[in-house]
Amino acid sequence: MDFRAVVLPIGRYLVIIAAAMLIPAFADLAAGNPDWKVFAVSALCIGGAGLMVEAGLSGPTPDLKSRETFLLVNLAWFAFSGACAVPLWASGLHISYTDAFFEAASGLTTTGSTVLSGLDDLPPGILLWRSLTQWIGGLGIVVIGILLLPAMRIGGQQLFSIESSEKHVKPYGRVEHFVRRLLSLYLLITVACASLYFMAGMTAFEAINHAFTTVSTGGFSTRDSSMGGFDSLVIDWIAIAFMAISSLPFLFLINLAEGRRQLELQQVTWFFALAGVLTLIIFAVTRVNTGQGDFAQFTHAVFNVVSVMSTTGYATQDYLLWGSFALSFFFLITFIGGCNGSTAGGFKIFRIIILLSFIRSRLRLAVRPNRVSPAYFEGEIVRPSTIDSLLIFSILYAATAAIFGLVYAAFGLDFETALSASITALANVGPGIGPVIGPSGNFSSLPDMVKWLLSLEMILGRLEIIGGILILTPDFWRE
């Protein structure tokens, strides 16, 4: 194990995080808020630590092998969450480091769960830092999802390797070239989103913050009432559009922007089809239960379905007030998630497609045992090894959600809160179900140990579970 290959990149990226802290420092300085000093000192300390790591491990850039990659991705999530928590902990919020770490982990993983209230009155630096952690985290998630997880062959991700597949190598060439393309597109979508928010009535500061958290499908807001605080159908539809766009594979978006042959169309089609069907279901049931069936209610239905499916977690209304069906409905769609290679979390659309195709093939074989009936994805046969990987992931996903839910219940949480907290953390959605952690609540009242475990679960969700479990096995450390 080459630990230098693991620690050196973490040191370099800590310097980038420290530089990002100067942005909220300037925002607070311009507003006359004393917390600018907190961000400046935090940037100095964390940036200094990163530079010390670089200086101490200077030399040729080491090669990352499989084990080093696994360990790097794991340690990076915890190291960066710990670093991003420092200014929140030292600021005028007067929160514990537990709460600060939870908020930072929720930001970087783009989960969007929060322990903070009174957002409307918080200083601009804190609000901007929360939004920045989600924007930075969203970009990192796409890079990890496209470049690293497929190479790790986790949960069927090997289908999306851009280095082993000829159809991807030709358009994108070297990894550095692809990352530049990705960053350019990510910035372009963010600027477009912020511009439209501003034209729709948000202030420039609100537009920038919400663009950061929309494009990253993170869901942090500058208001306690989230998007509902703006009371604007135009803003709602802008958010719907960009939440949906950010839930699509970024490889697909790059192809679309550059006029190349479209890839991964099946995921895109299924995402919009599922969103459309689910919207019609919840709108129809809500109309029957509440008698509300105007365009505004339809907008709320579309918004909340896309918000949960994209794992953004914004809210225009507390959908738990729509009746008992809505509670069960949104609880179930928390599992779905967006497309692979996007900023969205969750189980992912491609896994649903392959599992359904696999079930169909097994049913056909039950009727005609001699028939060859493989599972398909994007018109190609899915290898048995990929199916095995996906089935293992599915079992671990369900088991992880259940086990963590039981642990939370052991700490005194009611069943509804415990299970929904576990699922929303693992799927990186944000709000849970029920009066405590639902769209109108937050996570501040939960025990500290539960917050630490939820932070771990958020990170496990972004590590696709297996990536986090593997480093705990003896075989991983055996030379």
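Glycine residues also receive a Cβ, built from the backbone N, Cα and C atoms like all the rest.
According to TrEMBL, the features are:
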- THR110, THR111, GLY218, THR311, THR312, ASN428, VAL429: K(+) binding site (BINDING)
- 12-32: transmembrane segment (TRANSMEM)
- 38-57: transmembrane segment (TRANSMEM)
- 69-90: transmembrane segment (TRANSMEM)
- 132-152: transmembrane segment (TRANSMEM)
- 182-200: transmembrane segment (TRANSMEM)
- 234-256: transmembrane segment (TRANSMEM)
- 268-286: transmembrane segment (TRANSMEM)
- 319-337: transmembrane segment (TRANSMEM)
- 387-411: transmembrane segment (TRANSMEM)
- 458-477: transmembrane segment (TRANSMEM)
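Positions of the features from TrEMBL, shown on the structure.
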residue: THR110; record: K(+) binding site; Cβ within 10 Å: 33
residue: THR111; record: K(+) binding site; Cβ within 10 Å: 34
residue: GLY218; record: K(+) binding site; Cβ within 10 Å: 33
residue: THR311; record: K(+) binding site; Cβ within 10 Å: 31
residue: THR312; record: K(+) binding site; Cβ within 10 Å: 37
residue: ASN428; record: K(+) binding site; Cβ within 10 Å: 31
residue: VAL429; record: K(+) binding site; Cβ within 10 Å: 33
Long-range Cβ neighbours of the transmembrane segment (268-286) (under 8 Å; 6 or more residues past either end): 244, 247-249, 252, 292-293, 297-298, 301-302, 304-306, 309, 319, 322-323, 325-326, 329, 333, 336, 338-339, 349, 352-353
Cβ contacts under 8 Å made by the transmembrane segment (387-411) with residues that lie 6+ beyond its boundaries: 153-156, 158, 347, 351, 354-355, 358, 375, 417-419, 421-423, 425-426, 447, 449-450, 453, 457, 460, 464-466, 469
Stretch among 12-32, 69-90, 182-200, 234-256, 319-337 sharing the most Cβ pairs under 8 Å with the transmembrane segment (38-57): 12-32
Chain residues in Cβ proximity to the transmembrane segment (234-256) (below 8 Å; excluding those fewer than six residues from its ends, i.e. six or more beyond): 138, 142, 146, 160, 162, 168, 171, 181-182, 185-186, 189, 192-193, 196-197, 200-202, 210-211, 214-217, 227, 262-265, 267-268, 271-272, 275, 299-300, 302-303, 306-307, 309-312, 314, 316, 338-344
Best-contacting stretch, by C-beta pairs under 8 Å, relative to the transmembrane segment (458-477) and drawn from 12-32, 69-90, 132-152, 182-200, 319-337: 69-90
Env. residues of K(+) site, Cβ within 8 Å of mean position of THR110, THR111, GLY218, THR311, THR312, ASN428, VAL429 Cβ: THR109, GLY112, THR217, GLY219, SER310, GLY313, ALA344, GLY345, ALA427, GLY430
